[in-house]
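According to TrEMBL, the protein has these features:
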- Gly10, Pro11, Ala12, Ala13, Ala14, Gly15, Lys16, Gly17, Thr18: ATP binding site (BINDING)
Amino acid sequence: MTRLIIAVDGPAAAGKGTLAKALAASLNLPYLDTGLLYRAVARQMLLKNLDPVTESGEEAARNLQPQDLLRQDLRVPEIDRAASTVATQPLVRTALLQRQRDFAAATGGVVDGRDIGTVVFPQADVKLFVTASARTRALRRHYQLHGDATLSDVALQRLIEEIEARDQKDASRAVSPLRRAEDAILLETDDLDAGAVLQKALSIVRNR
Ligand code: CDP
Ligand code: CDP
C-alpha cells in the first residue's frame, strides 16, 4: 500500500469534508478534517472565557486531546467565527502543524482544510481545490444543518454574508491563507452533486 496523500482545500461549506471522507473510504485511507482542530481550539478558549481576538490560543492548541475533536457541538456559528479568528494566530497554526503531518506520515491519508496543499503537505500526491458560489455554499450549509426547513430571503442573505466574511478572513490572513496551490486541480461544484464530485476526484487520483 502506498502512502498516498490527498489534499482537499477550499472555502467554507464547499463540500470538502464530504468529498474527502468519500475519497478516503473509496481508497481505504484515513481521513482528517483539520477544521475540527481549529474549531476545538476555539471551543476550549470560549469555555475559558478567552477572547480569540485578543488572547493567545497557543496553550489550547498544544493541549488539544483527541476526544476534543469528537464533540457534536463544534459546528455552530459562534465557533465558525471564533475558529477563523484563532486560525489567524501564527503560534496556533505552528502548534497544530506537526499534529497534522504526523497524522498522515505513517499511513497516508485524505486531509481537508484551507492550507493543506500549500503549507501542511506541499508535496501531496494529489491536490484538489473544491469550490462553489457563496450562494450555493450557504444553501448547502443550511440544508446540512436544518434539512428542508424553510429559509427566507433575509436569512439566506445573512448566511451568504457570514460565509463571505469567513472566506474573506481566511483568504486575507498573513499566515497560511486560504488559496489554491498552483498545482491543485480546481473542482467547481455549483452544478455537481456530491456523487459527481467524487467521481471526478477519483478519476483525477487514478490519472495522477
Ligand atoms: O467540509 P465543507 O465545509 O467544505 O463542506 P461539507 O460539510 O462537506 O458539505 C456541506 C454540505 O454540502 C453537505 O451537506 C454535503 O452533502 C453538501 N454537498 C456537497 O458536499 N457536495 C456537493 N457537490 C453538493 C452538496
Ligand atoms: O466546514 P467549514 O468549511 O465551514 O469550516 P472548517 O473546515 O471546519 O474550518 C473552520 C475554520 O478553521 C476555517 O474558517 C478556517 O479559519 C480554519 N481552518 C484553517 O485555518 N486551516 C485549516 N487547514 C482548516 C480550517
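Here the Cβ of each residue, glycine as well, is placed from N, Cα and C on the backbone.
Fair warning: this is a prediction, and the values are worked out from it, not measured in the lab.
Neighbour counts of Cβ atoms within 10 Å were taken for the binding-site residues Gly10, Thr18; the minimum is at Thr18.
Around Ala12 (ATP binding site), the same-chain residues six or more apart in sequence whose CB sits under 8 Å from its CB are Asp80, Arg137, Arg141, Ile163, Arg166, Asp167, Asp170, listed in sequence order. Around Lys16 (ATP binding site), taking its Cβ as the centre, 26 other Cβ atoms fall within 10 Å, counting all chains. Spatially close to Ala14 (ATP binding site) yet at least six residues away along the chain are Val130, Thr131, Ala132, Arg137, Thr189, judged by Cβ distances under 8 angstroms. In the vicinity of ligand 2, defined as a Cβ distance under 6 Å, the following of the binding-site residues Gly10, Ala12, Ala14 are placed: Ala12.
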